[in-house]
Each structure stands twice: as structure tokens, then as C-alpha cells.
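Colleague: Below is the structure I would like to discuss, written out as C-alpha cells.
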């Protein structure tokens, strides 16, 4: 009898342990060694940034709510940080990887990132935010799959491929940084790469991907480049757009897609053509001279080379604007949760604040700078979030140095200083990006997705709201603004933290075209924001200061 009771007790404890194990989301551990290495993206050997010896870096394959733990060892000769472009880090900007939220990983040291793609699915990527490292590599794909119990609005593909497209410079990241520090532009890129390579286009390239005839494939396309919008297309194949930066979209077929810097598209491609080789084509947009590269797709068992006749890309930005207007949120599909995306009626929420952000460029002390509303951001030695957390904000930066509706005089006179907006928690805000320049801009917001309700030519006025898409605009994290145009986005600032609003044009970001949105919880509650992790790095004015004891407490 005693043995039976003991067995029953053991079974009970085992069952309890099983419950505990399954109650917590899975953990996935990675160790990354960041080093310099040599590669030939454009056919000429040059220094690049490798992760575990790879260029591009490893793909992160995760599922909604997974705990992703990455121990990053910096073996470069410079400070280093990675950001996870599009991951929202709910209540946890401590892992965002921007200079305003984290101290850099110093040479010869390491830091362990721990983040969750909480209630997210979709196609993303990571890249370095320090200096001009992005121009040397250090980037890679990041996919977040739906949980098994959540229905997906398309059949399971045969395989899942990540296509990282971007412009490329033959000059090193240190040379490019010297140009910018000296007040010069880095100019136009030398080429385009697909997954770190530029195809010869003569049929001699090794295939990047292999397809089985008749099968469908998930193809995720991200523009990880420095500054250039890129059009992507596949010979003789249509791409069915199914997802965009974490949102399921209405499924339309496209011959080509304009992918602006920082953006990601999830497509379905069917191998329904004659079994042979086909070219993927990536070409620059909005440059006087078009730069093109190719990557090879090979049908399994296929015979015959790819045709040398490449499909032509579109011309002008009006075509691109029309394509943007064709993107629609799939209101009936479920994203990371069982409820349909369309159950959130953003168009019925009252706007509580309108912020207009006007991008400009000019010279300060004879050197090129880029600005928002007349302020060109500079990173203080003490990260903004640390200054805020340790209660020394007044020693590091001032809030709201720009106005929500800048005058022409304010825009014209550029000042260099930290640019931090104070945003009230849980307010529904309209942000208008106004582009008076001749180049296409690409804007990203960390910590959130927003509804891109309009992109139109001209100057924004309140009357333009009548043209907003208040029903099925796509919820995303990066939006383009065409020359002499404006873009409007809507969102609820419900994720506490210090969040970067930046130009995805690396040259512009480095020279000041960015700001931070500070969203603080009035209750200082753990329900709204996590305390600074014990493992967080400290630098600047708080380098040797003890961490505050649980400033965020309560439910």
C-alpha cells in the first residue's frame, strides 16, 4: 500500500512538473561570435562583419511568444549593438539594441539579449545600429511563425526562404563613417546584393534556392540595405503577397514588389513553370542610373539555363505609390492571436494628438546634417533610457525640444541635440511624415506597429483626413514617403519605454534624422514596463551607479 501511495505521489509530482514546463513559453539559446572577415559581395574581396563566420548572419527561426536568448560576443575593434527590426519588445525596451536604450557591447566583451516576439508573427530582420556597421553586414533574417493552434490563411509551404536584398558599397564602413564625420555624403552605392552576393548573370552562379516542381514556397523579402529602395521580381513567376511586417494582407499577385529600406514582405511563390533555372532580379529604384543584380533559382531535376532576358523593373514613383495603395489588411485572418485582425477598429478611435515630422537637410558649422523639425539628433554618452531610469534626465537631455507643428523658421534653423518626445501613455496619436525633399524617405518606429492610413503628394492639412483608409490599412512598422509627399500613420502608444523613430536611410540616421519617443507609465507598474535587467550594461554618467531598487512595482 505504501508503495502505491509513493507511486501516486511521484506521478502527481511528475504531472505538476509537466504543467510547469508547458506553462512557460519555450526558450531558444544562441551564441553568436561577431568578427571581421573577408567576402566578395560585388566580386572584389573586402572586409565584412560576420556572425559565427556567416555573411549574412544566421537566420532566427522562432514562433510567437518564444523566448529568444542570444549571447553576443563582440570580437570587433569597436563598440557594437544589434537591433531586432520590427520586434516590439513589449514592456522591454531594454533589449531593443539602439544607442538610446542600451550601452554598447565593448570590444572583447559580451552581452546576452533576451526578448520575446510577444503576440507577433511575420517577417523581420536584425542589423547593427552602431556607427556605419550596417554597411559592412552583421545583418540576418528573423522569422516569427504562427503557433500551431492559430489558423494561417494559406497552405503550409514546402519550404521557407529568406531573401535579404540591399545596396552595397565597396568602401569600408570606417571609410563611409569618415565621409559622414567630415560632413560629406557617402554618395550612390556600388551595387546591389541578394543574400550577400551579386550574381554574374551568365548562368555560372550557384543557385541560392532549389524548388520542387508543383510545390509552393514561402519567400520572405527584406530590404536590409543602407539607403536605396529596391524592386524585386522573379522571372516568369508571380508572387502572392500574404504578409507584411507582421500583418496578414489581402492576397494579391504581383509581378514585382518595391521594397523600401527596412521593409519586409512575405510572399508565396509556386513552382509552376518549365523545370529549369530562373533569375531573381533586384534593381535600384529612384536612382539616375539603375543598378541590377540577380540570384539563381533552380528547379529540382530541371534542365536548361535561365533566360538572359531579365524582366524589366518599373519606372517612377507614381507606380510605387499605386502599389502601396493596393496593400490591404486581411480583416478576417488571425495574426498571433485567435481573434481576427479586423476586430480592432482603429478608424473609430478619436485622435488625441497630432505630430508632424518634417525631414530636412542642411549644414551646421559647414558639415552636412539631417534633421526632424529643425533638430538633428545626437547620441549622448549616457543612453537616454538609462538617464530616465536613474533619474538624471535633466543632466542628459530635454524633452520636447521640437514642436508638434513646426514653423518654416524652426525647420530651417538646424540645431544638434538629443531629440526626445514625451508621449502620454495609451494616447491615440496621429503622426504625419512630411517630405519636402527630392528623395524617397523610409521611416521606422521601434516598439510598435502602426496603421499607414495615407501616402499622398503635396503638403498635409487636417482636411486630408477625409482621404485616410480607416478600414483596412496595413498594420506595419516602416512606411515610405515619396518626394514632395506626406504619409500619415495612426497608433496607440500603449507600450512603455524609450522607442526610436528613425530614418532607415543609414546615412540620414547617422547624421541626425531620428528621435526617441518616451512613453512612461504614470503608475510606474510592472504591468506596464519591466525593471532594468540585472545583466544590463551601464555606461556614461551611470557607469558605476547602483541600479535603482525596483522603481517599477505593483501589479
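Keep in mind that glycine also has a Cβ here, set from the backbone N, Cα and C atoms.
Model, not experiment: these values are computed from the prediction.
OK, Swiss-Prot features for this one:
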type	residues	note
DISULFID	103-539	disulfide bond
DOMAIN	25-145	domain 'Plastocyanin-like 1'
DOMAIN	345-524	domain 'Plastocyanin-like 3'
CARBOHYD	33	N-linked glycosylation site
CARBOHYD	61	N-linked glycosylation site
CARBOHYD	110	N-linked glycosylation site
CARBOHYD	330	N-linked glycosylation site
CARBOHYD	350	N-linked glycosylation site
CARBOHYD	422	N-linked glycosylation site
SIGNAL	1-23	signal peptide
Colleague: Nearest to residue 33 (N-linked glycosylation site) in three-dimensional space, by Cα, is which of the recorded positions 61, 103, 110, 330, 422?
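Modeller: Given the candidates 61, 103, 110, 330, 422, the nearest one is 110.
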Colleague: Just to confirm: which same-chain residues, 6+ apart in sequence, have a Cβ under 8 Å from the Cβ of residue 350 (N-linked glycosylation site)?
Modeller: 428
Colleague: Output the one of 103, 539 that, of all these disulfide-bonded residues, has the highest number of other Cβ atoms within 10 Å of its Cβ.
Modeller: 103
Colleague: Could you state the CA-to-CA distance between residue 330 (N-linked glycosylation site) and residue 422 (N-linked glycosylation site) to the nearest Å?
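Modeller: The separation of the Cα atoms works out to 33 Å.
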Colleague: Here's one to test understanding: among the recorded positions 103, 110, 422, whose C-alpha is closest in space to the C-alpha of residue 61 (N-linked glycosylation site)?
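Modeller: Of all the candidates listed, 110 is nearest in space.
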Colleague: Are there any residues in the same chain, six or more apart in sequence, whose C-beta is under 8 angstroms from the C-beta of residue 422 (N-linked glycosylation site), and if so which?
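Modeller: When sequence neighbours closer than 6 are ignored, residue 422 (N-linked glycosylation site) has 399, 400, 518, 520 within Cβ distance under 8 Å.
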Colleague: To the nearest Å, how far is the Cα of residue 103 (disulfide bond) from the Cα of residue 110 (N-linked glycosylation site)?
Modeller: 12
Colleague: Under 8 Å Cβ to Cβ from residue 110 (N-linked glycosylation site), same chain, six or more residues apart: give me those in sequence order, or none if nothing qualifies.
Modeller: 71, 72, 73, 74
Colleague: Using DSSP, would you call residue 422 (N-linked glycosylation site) helix, strand or coil?
Modeller: strand
Colleague: For the domain 'Plastocyanin-like 1' (25-145), give the DSSP counts of helix residues, strand residues and coil residues.
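Modeller: Split by secondary structure, the domain 'Plastocyanin-like 1' (25-145) comes out as 7 helix, 58 strand, 56 coil.
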Colleague: For residue 33 (N-linked glycosylation site), list the number of other Cβ atoms lying within 10 Å of its Cβ atom.
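Modeller: So the number of other Cβ atoms within 10 Å of residue 33 (N-linked glycosylation site) is 14.
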Colleague: Would you identify which of the glycosylation sites 61, 330 has the most other C-beta atoms lying within 10 angstroms of its C-beta?
Modeller: 330
